[in-house]
Amino acid sequence: MVGSGPAGLTFARVLHRHGHPVTVLERDTAPDARPPGGTLDLHEGLGQLALDKAGLLAQFQALSRPEGQAMRILDTDGTVLRDWRPRPDDRAHPEIDRGQLRDLLLGPLDVRWGRGVTRVAPGTRDGVPVHFTDGRQETFDLVVGADGAWSRTRPAVSPVTPHYTGVTLVETSLADVDTRHPGLARLIGDGSLAVYGVNRALVAQRGSGGHVKVYAQFRAPLDRDANRDPADAEAVRSSLLALFDGWAAPVLDLLRHGTAFARRPLHVLPVSHTWPHVRGVTLLGDAAHLMPPLGAGANLAMLEGAELAEAVAAAGPGDLDGAVRAFEERMWARAGRWARITADGLERLVSPDPAEALALFDEVQSS
Ligand SMILES: Cc1cc2nc3c(=O)[nH]c(=O)nc-3n(C[C@H](O)[C@H](O)[C@H](O)COP(=O)(O)OP(=O)(O)OC[C@H]3O[C@@H](n4cnc5c(N)ncnc54)[C@H](O)[C@@H]3O)c2cc1C
């Protein structure tokens with residue numbers, strides 16, 4: 001298994017539950033080598049089903065925040081357009097901090113930290129050689145590439161690489177929002193706040209402990225601001241304030257009070273990315289089907305991890321390749337549907353007509 005994101009850890013945890021050994025190879029040197037990121041909503045039939053297969057659903061329910069499903073949408077002048085709150089018993093897609101989810105999945109797993117993979121080379125009779133950044137090489141029966149958007153495993157099965165969507169996201173954070181910025185805390189509420197303008201949007205999402213992630217999204221050429229130093233927070237802030245000029249003051253406060261900024265141009269793999277099956281290597285999650293971040297990627301990654309683990313655990317030594325092949329067909333069909341939904345969703349959420357974003361929200365709520 002290459003990668004200890006949601007896909008890799010769920011795969012390893014479900015295999016572990018079935019009593020099978022698995023080696024997790026992770027480039028990061030420790031679980032907390034990078035900030036874990038914001039919050040994830042896990043859907044009942046996807047991420048939550050995967051946690052059930054891992055025997056972790058009850059622990060997820062204890063940690064997750066059903067109230068985080070709340071969604072408020074404002075006009076750029078600050079008028080509240082929608083203020084949706086979940087019923088107290090609504091468990092359709094509660095939120096959990098990424099760090100909490102990682103720790104939950106890690107549990108007893110033995111991850112080999114600091115083992116960056118450079119290349120996977122299928123085609124030998126004795127297994128699949130994996131090459132590491134330190135120059136070493138090891139051979140495995142089955143290599144599962146769950147190493148994300150810029151997967152080093154993917155070239156072993158597919159020549160396709162991600163392409164830019166035309167939308168860039170700049171992320172910033174607010175800490176202790178209830179104490180330090182009570183006005184913003186009330187504006188955001190228990191879950192998410194979204195404001196949609198012409199070809200741009202601002203989204204704020206509450207995590208646990210008063211932590212808020214703010215995502216500024218806009219259409220821009222890939223190289224816009226590419227030369228700007230992302231560590232120069234004041235320069236990034238003033239560029240964003242210029243881009244969102246004229247929006248209501250409390251909304252712009254989300255940018256004014258943000259601390260560090262990270263620029264993330266949104267890349268995707270083609271909708272319905274598949275590959276001719278290669279014995280001994282497969283892909284999961286973003287490595288297989290990178291799509292816009294509209295609440296599906298981690299969910300799919302986890303369910304795929306759980307399903308592949310169950311298929312591997314159930315297969316006899318002679319059936320392993322057939323089990324992987326059947327899994328891939330199933331993954332491609334489901335991921336293809338979600339890739340289309342999220343690609344269309346991004347077009348409507350960051351669109352020349354902000355009414356499209358509101359219409360999309362209403363369609364999802366009524367479905
Ligand atoms: C801003 C944002 C918000 C999002 N919100 C949601 C949400 O609410 N719900 C949702 O379902 N999805 C969401 N997503 C999408 C979700 O984050 C991804 O789809 C998900 O993380 C994919 O999981 P993964 O395990 O496939 O890959 P990743 O999470 O990218 O994990 C890959 C792992 O592989 C490791 N790795 C990479 N290269 C190597 C290498 N060469 N050797 C060894 N290890 C390597 C990495 O360090 C990492 O640990 C969001 C994405 C973004 C950007």
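From the backbone N, Cα and C atoms, a Cβ is placed for every residue, glycine too.
TrEMBL entries are annotated by machine, without manual review.
Taking the Cβ of Arg34 (NADPH binding site) as centre and 10 Å as the limit, one finds 9 other Cβ atoms among all the protein chains shown. Among the features that TrEMBL reports, NADPH binding site is placed at Arg34.
Per TrEMBL, FAD binding site is recorded for Asp41, Arg98, Asp286. Counting every protein chain shown, 17 other Cβ atoms lie within 10 Å of the Cβ of Arg98 (FAD binding site).
According to TrEMBL, the domain 'FAD-binding' annotation covers 2-315.
Our reading of the FAD binding annotation (Asp41, Arg98, Asp286) yields a largest Cα to Cα distance of 17 angstrom. Arg34 (NADPH binding site) sits 18 Å from Asp286 (FAD binding site), counting Cα to Cα.
DSSP gives Arg34 (NADPH binding site) a coil state; it is part of no helix or strand.
Applying an 8 A CB threshold to same-chain residues 6+ apart, the list for Asp286 (FAD binding site) reads Gly5, Ala7, Gly148, Ala149, Ser151, Gly297, Ala301.
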